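All remarks here apply to the structure that follows.
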Amino acid sequence: MSRYKLFIVDDSALIRLRLKTSLALWPEIQIVGEAENGQEALKKIPLVKPDVVTLDLEMPVLDGLSTLKELNKVYPVPVIMLSSLTTHGAKATIEALENGAVDFVPKDGDWNKVVSELKEKIKIAVLAKKRPKPFTGGTLNPKNVILGKNGRQLVVIGASTGGPPALREIIPKLPQTFPVPIVIIQHITRGFSKPLADQLARVSRLKVKEAEKDEQLLPGTVYVAPAGYTFKIDKQGGSLTAKIIEPVEYLPAHFYPSVDEAMLSAAEVTGSKTIGVLLTGMGKDGALGMKAIKERGGYTIAQDEETSVVYGMPKAAIDIGGVSRVLPLSAIAEEIAANI
């Protein structure tokens, strides 16, 4: 049995001890080193060559975000951030994801839940065929795109692992005159969807916000579905609206929000006037929704294997015939605009 070599970076000796004690119970993990700050980590990591690194965000000497940026240069390796649920912590976490971190785990709250989530994300990080690339920028050439020629009414984008940097590659490229609303379903921990929306808003010409219950979905606006809730597309009085529901019970194998639920509702409400986009991510969420949109005459786009951090969700949609076009990440914004 192959073991995942893990390196732990955290300024708290107690957290390092708890992580080592908890993860040592899992035979697939071999802890190959630890550091109490980023400076120490940058010296040790290239020597022990771990498969994955857990990196605390808030540390003295060299913080987690600065360490991540330096690590990208000296020893590129899948990194999982350990973050707090504070406003500052959430904002810094989103920035870390956009700078190459594969995923994150909030270390506040129930420790058993923290360890369980971390174990799962270590497996995903090791399986990830590549690390997310930092945002490269760029915009569409308006001369190459005629917006609105296909009469679409809605774009729904789904993503999981590797999603935040992928979204940052797509949304800022879209023009301010984009004629329909865009809904983003990103698998993310509750409390982190608004910072994701805020970060996208800072680099985009479109208005980007976290969606609110029953609000009208307006053209030229990007709505990030709030984490921890069921999100569906609805129609009230001829206008598209956000249907946001607090789950009565959280099912362990279900996502809140779910790409499938959002896309299936879009297939019902806007049908052939829908564009569905499925980006990098683990699992199969979104495959059924993409197929439903395509079967109703809508247009569906999946990110290709080469540019996906994890090629689970796009592949699942392709395998069941739910995809109109498979494209590299860099080409998706233009494809959306050309088919709107």
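Yeah, the Cβs are placed from backbone N, Cα and C, and that goes for glycine too.
Marked as domain 'Response regulatory' by Swiss-Prot on the basis of sequence analysis: 5-122. Sequence annotations record features per position, and here Swiss-Prot assigns 4-aspartylphosphate to D56 based on sequence analysis. Annotated domain 'CheB-type methylesterase' per Swiss-Prot: 148-340, in sequence order. Residues or ranges marked as active site by Swiss-Prot: S160, H187, D285.
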DSSP-derived class (H/G/I helix, E/B strand, else coil) of the residue listed as '4-aspartylphosphate': strand
Structural state census, the domain 'Response regulatory' (5-122) (DSSP three-state): 57 helix, 26 strand, 35 coil
For D285 (active site): intrachain residues, at least 6 apart, with Cβ closer than 8 Å: G158, S160, H187, F255, S258, V259, D260, M313
Sparsest Cβ surroundings (other CB atoms within 10 Å) among the recorded positions D56, S160, H187: H187
Mean of the pLDDT scores, which run from 0 to 100, over the domain 'Response regulatory' (5-122): 94
Conformational class of D285 (active site) under the three-state DSSP mapping: coil
